[in-house]
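Database features, via TrEMBL:
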{"type": "ACT_SITE", "residues": "B:TYR138", "note": "active site, proton donor/acceptor"}
{"type": "ACT_SITE", "residues": "B:LYS168", "note": "active site, schiff-base intermediate with substrate"}
{"type": "BINDING", "residues": "B:THR46, B:ILE209", "note": "pyruvate binding site"}
Number of protein chains: 2
Amino acid sequence: MSNLDGVLAPILTPFTNALTPHVPLFVALARHLMGQGLGLAPFGTTSEGNSLGVEEKVELLDALAETGLDMGRTMPGTGCCALTDSVTLSRHAVSLGCGGVLMLPPFYYKTPSEDGLFASFAEVIERVGDSRLKVYLYHFPQQSQIPITHGLIARLLAAYPATVVGIKDSSGDLANMEGMCRAFPGFKVFAGTERLILPVMRAGGAGCISANANIHGPAMLELWRRWREPEAEGLQKGLEGFRTVMEGVPLIAALKALTARRTGDYGWRRVRPPLVALPPEAEIELIERLAKAGIAI
Amino acid sequence: MSNLDGVLAPILTPFTNALTPHVPLFVALARHLMGQGLGLAPFGTTSEGNSLGVEEKVELLDALAETGLDMGRTMPGTGCCALTDSVTLSRHAVSLGCGGVLMLPPFYYKTPSEDGLFASFAEVIERVGDSRLKVYLYHFPQQSQIPITHGLIARLLAAYPATVVGIKDSSGDLANMEGMCRAFPGFKVFAGTERLILPVMRAGGAGCISANANIHGPAMLELWRRWREPEAEGLQKGLEGFRTVMEGVPLIAALKALTARRTGDYGWRRVRPPLVALPPEAEIELIERLAKAGIAI
């Protein structure tokens, strides 16, 4: 079994000027991030994963596998509204040796029952029917509107103890993460923000999956590696400069603009609707604010 | 150009016991509803449209076309989170001669900008690139969380006056429907509930698309046909009995249970997760409440 503990980057998805996925740029960013020691969580929120069709995600994942990257260190997002889409993607991820999959609940129908959500995950797991499948639940109530409750986790762990192995908690609610670490020993809890790496690791968590790791991953990884050391508090504080600046901008578009600057490839600025690219004046302001915070891109 | 004005049924989607779409039952219901004089709006909220994969929706739509039904009287839902899925479905609907398509905005990212939403619809329209495409916007803020504002409609009408032709408003907000009828002459406004057929027709609307038309369509159609007559107020009131009972139950599961009773086919009770089937005791209570309201199924 692969170990995904650590810091994972929810890798951005680049587009051509026809708004199709730009495979070479995607593979290049994957190499860059994995070269920094990060794992990869493609097709999450930051990756515009839900704006991609199933066949586009299959193509991008295939490209990562073909390029020889360690698929055991990838956790692609495979949870869709349509059961069949979630099954197709999860099965494909398993066939490529992905270390896990990050599974959103179906998010169109609001206030689904716990029975209905349990059935959603259970159906996907049963249909994939492969012991290599390792599911990380994706709790992001602000975006999906569908919380993953502790009650649901307990039922899934009871039914599929070898398959349901962890969660990404993007709620920002530390008490919820600590509660899961306490309630479910061995269940791998990833904070969805670098702001909480230290407290989550202290609570027994597994690591962090944060959008900002597309740009600022090495600093997060250093904290994750050294969280038991006296320097950890300082390292945690050191993450605040970048994070605070990024909190004030449209995050995905801004991370793409910064990636465009870092790589010199203008195409990185493109996003798929309904997102919009960062306007040039906002990009200049962002760079100035980062410079003031002592951060060079 | 086909005329979709009238009452459309957002036709339920039946499933086999393997939870795959049950094509013969679907076609049978389509024949039944169209035989009653209703148009069809497959793959909307009531149809569990977002719980179906693109290829499943293509298969079901093909089955309707092959059976010789008047596709000009169908308005399939084609708006998905992924741009490519919306394009594939819209193009397929056009190729089959569908009278229109009902388009949800991409609904994963919350609070998208008007620019981003405009770009979403524009991209789909441009990519389909076919003058036969007739788009009905789908405004259902309670479910999609993404409202279709009057500002957005005005921009789309200015850019695509021959393509963007109407809206289904499931907000329940009569003032919004009346406002659209006033602001956009010729724009076809469909109420998403039979509760508002009469006021929407009086405001200049086109008709109604309501879940309950799967069971109670003929009564809605009679009101739609006779809304100018003195009996209209009474006909509108006459719709309240069924509607009020259905307001108190999980709507889609309940409509499926009633369809199972009407047709004698138990399989109709099945739903796809995250929905759950109506428990037998709730079904018995529903039938009793309908009987008390003087409605036999």
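For all residues, glycine too, the Cβ spot is worked out from N, Cα and C.
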When distances run from the Cα of the residue listed as 'active site, proton donor/acceptor' to each of the recorded positions B:THR46, B:LYS168, B:ILE209, the nearest one: B:LYS168
Rounded Cα distance in angstrom between B:LYS168 (active site, schiff-base intermediate with substrate) and B:ILE209 (pyruvate binding site) is 7
C-beta crowding around the residue listed as 'active site, schiff-base intermediate with substrate', within 10 angstroms: 31
Just to confirm: which same-chain residues, 6+ apart in sequence, have a Cβ under 8 Å from the Cβ of B:THR46 (pyruvate binding site)? B:PRO10, B:ILE11, B:LEU12, B:ALA211, B:ASN214, B:LEU251, B:ILE252, B:LEU255
